[in-house]
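Per Swiss-Prot, active site, proton acceptor is recorded for Asp250, and the stated evidence type is sequence analysis. Here Swiss-Prot flags Lys272 as active site, proton donor, drawing on sequence analysis. Per Swiss-Prot, NAD(+) binding site is recorded for Ser22, Val23, Pro43, Thr44. Sequence annotations record features per position, and here Swiss-Prot assigns S-adenosyl-L-methionine binding site to Pro227, Gly303, Gly304, Asp305, Ile308, Thr333, Ala334, Met385, Gly414. Marked as phosphoserine by Swiss-Prot: Ser129. Here Swiss-Prot flags 1-204 as region 'Precorrin-2 dehydrogenase /sirohydrochlorin ferrochelatase'. Look at Swiss-Prot and you will find 218-476 tagged as region 'Uroporphyrinogen-III C-methyltransferase', backed by sequence analysis.
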Amino acid sequence: MDYFPVFLNIKQRNCLIVGGGSVAARKAKLLLRAGAHIHVVSPTINAEFTGLLQQFSSISHNAETFRPDHLQGRVLVIAATHDRATNQAVSVAARKAGIPVNVVDNPDLCTFIMPSILDRSPIIVAVSSGGGSPVLARLLRARLEALIPAAYGRLATYAAQFRGQVRQHFSRQENRRFFWEKMLQGPFAEMVFAGKDQAAQDYLLETLNNSVDQPPIGEVYLVGAGPGDPDLLTFRAMRLMQQADVVIYDRLVAPAILDMVRQDADRIYAGKERNRHTLPQTSINNLLIKLAQEGKRVLRLKGGDPFIFGRGGEEIETLSQHQIPFQVVPGITAASGVASYAGIPLTHRDYAHSCVFVTGHLKDNTVQLDWSALARPNQTIVVYMGLLGVSELCRQLIAHGLPKTTPAAIIQQGTTPNQCVLTGTLATLPTIIQENPLKPPTLIIVGEVVKLRQRLAWFNSTSESLGNTPGYSKHP
């Protein structure tokens with residue numbers, strides 16, 4: 001983040017606006033809505049400012065040019081003049097005095113910037129582009145206007161009104177949170193939105209009085225995070241990610257996806273890197289049981305799909321043995337997502353009538369697979385976790401009958417801006433990888449369908465920096 005978002009309490013506090021035009025007037029209106037006392041410094045003011053002075057006793061005007069002593073006693077400063085020298089003087093003086101300052105349309109002179117605001121008081125939504133594109137921030141706010149009805153303000157007011165009663169009824173924080181999640185996403189909220197305020201209050205109180213303050217029942221959410229692009233998450237995955245109390249995640253979960261988990265959820269890194277598991281599988285299973293028995297909603301977040309080389313079956317088998325409630329949310333597996341973003345269809349009527357998923361993990365320095373079954377014509381082979389064993393993989397496929405010229409590709413960090421695709425053949429792929437070191441996660445695709453990439457590639461990543469090497473081609 002270039003800026004840290006905060007909300008300031010400026011009620012009945014002295015703020016300074018330097019400038020008397022329409023932009024300064026708009027800023028004054030925002031500060032007035034927040035309850036500030038505003039002092040305006042400008043030789044002249046427009047009619048809009050004159051109206052504000054007549055309407056509000058909390059705004060005053062000094063018809064002078066700016067001087068540093070105007071900052072005395074101010075907690076916030078906004079400069080909105082057409083004179084660069086004046087704006088810079090305000091910025092320099094405010095910084096020297098340690099007072100937050102905003103210079104309109106000049107981020108370099110600001111110590112804070114003004115977001116685009118959606119006001120559903122007491123709910124406030126602020127959208128900022130970091131000063132890079134105020135127009136984009138306003139467009140995003142316009143979208144939020146349609147998504148967040150004005151009645152959300154009343155909903156928040158009721159939540160504040162009954163907060164004390166709910167706190168008194170439930171001794172456990174988890175129970176209070178569960179209660180409010182139920183209220184704010186169910187019939188109570190719908191009644192408020194429909195204007196049935198009395199019915200909403202009656203429903204809330206009845207539900208509260210009938211609720212028992214018992215230890216909550218824990219649950220585990222086994223969620224597939226997909227191959228990396230956050231846009232590929234399912235709606236169900238998003239919902240469960242937002243209500244989890246704790247998340248246990250693997251190395252292959254993209255940081256952008258982890259950022260979408262509820263912010264105050266505890267985070268536990270499980271590792272799952274080759275030969276370096278931060279938590280062994282048995283420890284993960286035991287931890288899931290322990291946390292769920294404590295009444296927590298546990299998000300077990302796995303890259304791709306939890307049931308495809310993800311050991312998800314082992315985890316829920318353990319949960320079932322201990323009678324722990326669980327849900328499973330499938331994710332887009334890497335074979336499907338990465339191949340699509342690489343422009344490689346896994347099946348095609350002219351090239352491949354079947355597709356096989358295998359794992360390429362080395363065991364005793366060999367890849368133990370049914371090579372005869374893999375080395376069949378008109379078949380696509382997708383190899384997970386095959387980077388270290390790629391030489392053995394290619395050698396065995398050739399030895400069992402696939403031509404050396406069989407097209408092959410390896411994709412690094414597929415579906416993300418860091419995606420990089422290297423294409424070659426079974427004979428050349430190991431050399432290509434040796435000359436262009438890649439970092440996991442990677443996926444290997446072998447078969448005639450790889451040839452289609454030259455025509456079907458559509459996803460343009462931003463990390464295409466490798467040079468051309470004889471014997472292979474690299475595409476974005």
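Residue positions begin at 1 at the first shown residue.
Cβ atoms here come from the backbone N, Cα and C positions, even for glycine.
Using the Cβ center of Ser22, Val23, Pro43, Thr44 for NAD(+), the list of other same-chain residues with Cβ within 8 Å runs, in sequence order, Gly19, Gly20, Gly21, Ala24, Ala25, Ser42, Ile45, Asn46, Phe49, Ala80, Thr81, His82. Under the DSSP three-state reduction, Gly414 (S-adenosyl-L-methionine binding site) is assigned to coil, being neither helix nor strand. Rounded to a whole value, the Cα-Cα separation of Thr44 (NAD(+) binding site) and Ser129 (phosphoserine) is 32 Å. Considering only the binding-site residues Ile308, Ala334, the Cβ with the fewest other Cβ atoms within 10 Å is that of Ile308. Each residue contributes its Cα atom, and for Pro227 (S-adenosyl-L-methionine binding site) and Ser22 (NAD(+) binding site) these two points are 49 Å apart. Val23 (NAD(+) binding site) and the residue listed as 'phosphoserine' have their C-alpha atoms 19 Å apart, to the nearest angstrom. Of all Cβ atoms in the shown protein chains, 23 besides its own fall within 10 Å of the Cβ of the residue listed as 'active site, proton acceptor'. Looking only at Cα atoms, Gly304 (S-adenosyl-L-methionine binding site) sits nearest to Asp250 among the recorded positions Ser22, Pro43, Ser129, Asp250. In the three-state DSSP scheme, Ala334 (S-adenosyl-L-methionine binding site) is classed as helix. Summary for the recorded positions Ser22, Thr44, Ser129: the Cβ-based neighbour count within 10 Å is maximal at Ser129. Summary: among the binding-site residues (Pro43, Pro227, Gly304, Gly414), the fewest other C-beta atoms within 10 A of the C-beta are counted at Pro43. For Ile308 (S-adenosyl-L-methionine binding site) paired with Ser22 (NAD(+) binding site), the C-alpha to C-alpha distance reads 60 Å. Nearest by CA distance to Ser129 (phosphoserine), out of the recorded positions Pro43, Asp250, Ala334, Gly414, is Gly414. Maximum C-alpha to C-alpha distance over the listed NAD(+)-binding residues Ser22, Val23, Pro43, Thr44 is 15 Å. Cα of Ala334 (S-adenosyl-L-methionine binding site) to Cα of Asp250 (active site, proton acceptor): a distance of 15 Å. In the three-state DSSP classification, Gly304 (S-adenosyl-L-methionine binding site) falls within a strand.
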